[in-house]
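Inspection log for the structure reproduced underneath, given as structure tokens.
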Amino acid sequence: MSQQEFYLIGAMAIVTFLIRYPLLAISNHIRLPRQIIEALNYLPPAVLTAIIVPAVLMPTGDEIILSYSNAKLVGAIASVVVGWRTKNLLATIMCGMLVFTVWQWLFSP
Amino acid sequence: MSHSQVHNHSPSTEFIAGAKAIIPLVIGAIPFGIIFGTLAQSSGLSFVGAIAMSALVFAGSAQFIALGLLATKTALPIIILTTFVVNLRHLLYSLSLVSHVQRLSPFWKFILGFWLTDEVFAVAINRYHKSDRSIHKHWYYFGAAIFMYLNWQVCTVIGLTLGHLIPNASNWGLDFAMSVTFIGMVIPYVKNKPMVVTVIVSGIMALITQNLPHQSGLIVAATAGVIAGMVTQKINK
């Protein structure tokens, strides 16, 4: 490992930890207003959705592709349907991946 | 979703339940870890460097972006600044955990903080939101986190050593595994009007803010979704 790599990884580790840890460290001294605690209930679905939607609708990263040729979109729709019906996480993942893989194979150039 | 009932809340049952709950997300992370290891050396990161990064930074998307920046010979301070922005969402996660970890020892806070990722947070916060009064919920978090962590290390090494055997692994669209995993995690939340609004607004905002640098649009979109959900909740009352 070169010296530059050492500094890079060290700095990335410290920066990441200094985001994740401090609020936990001082949590005893924080009293969150009820409003904030309520708002934080919406955070997990909000963040996850903000990660999912561009990944699925913009598979190339630069444009929205709303077409049957977008295998990620078709796979995502399949997983939403299965997830909604079964409420089973593993089934949701498996069906989504299966539909995506088959679709990609069928329509790949 | 099919979470097994936890009848006995001892540390070991919590630990095992947490490890079990994160299995689907661990599976979803496998292709990512392997692809990271595969791309590391061609991006200019050494074998030891790749292992150290997975072990010490433990942040999938930031690690991938760092590889991309390394490959284009980006200056070190820029990579570090990017890491900061990309990981800033973890600050919101830790804010969500504040009211749940208050009575834990500094050691516990240290390790739970170190292991705070998207996947671990999504699983652990589900446990914290359950109404039972178990005092060992952090063991659930611990079980989920250590499983995710060890898997990430093993997959990095597999990618580093065997990655060249998989042609164009990064072009297979295996990153889609994470998208479907997250879809499965979001669905149980969407059971009332404010949650529907949250999901729609953050999805649309994520598309609109996609071009903001270093994935900072993610935070804008999530915040907009949270606010929209809160406003809907107030109006509905």
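Here the Cβ of each residue, glycine as well, is placed from N, Cα and C on the backbone.
Remember, TrEMBL labels are computer predictions, not curated facts.
Features of the protein shown, as given by TrEMBL:
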{"type": "TRANSMEM", "residues": "B:21-40", "note": "transmembrane segment"}
{"type": "TRANSMEM", "residues": "B:46-69", "note": "transmembrane segment"}
{"type": "TRANSMEM", "residues": "B:76-95", "note": "transmembrane segment"}
{"type": "TRANSMEM", "residues": "B:140-166", "note": "transmembrane segment"}
{"type": "TRANSMEM", "residues": "B:172-190", "note": "transmembrane segment"}
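Only pairs six or more apart in sequence are counted, and the transmembrane segment (B:76-95) with the transmembrane segment (B:140-166) gives fewer than three Cβ pairs under 8 Å, not enough to call it a contact. Of the two recorded stretches, the transmembrane segment (B:172-190) does not lie close to the transmembrane segment (B:46-69), with fewer than three CB pairs under 8 Å once pairs fewer than 6 apart in sequence are set aside.
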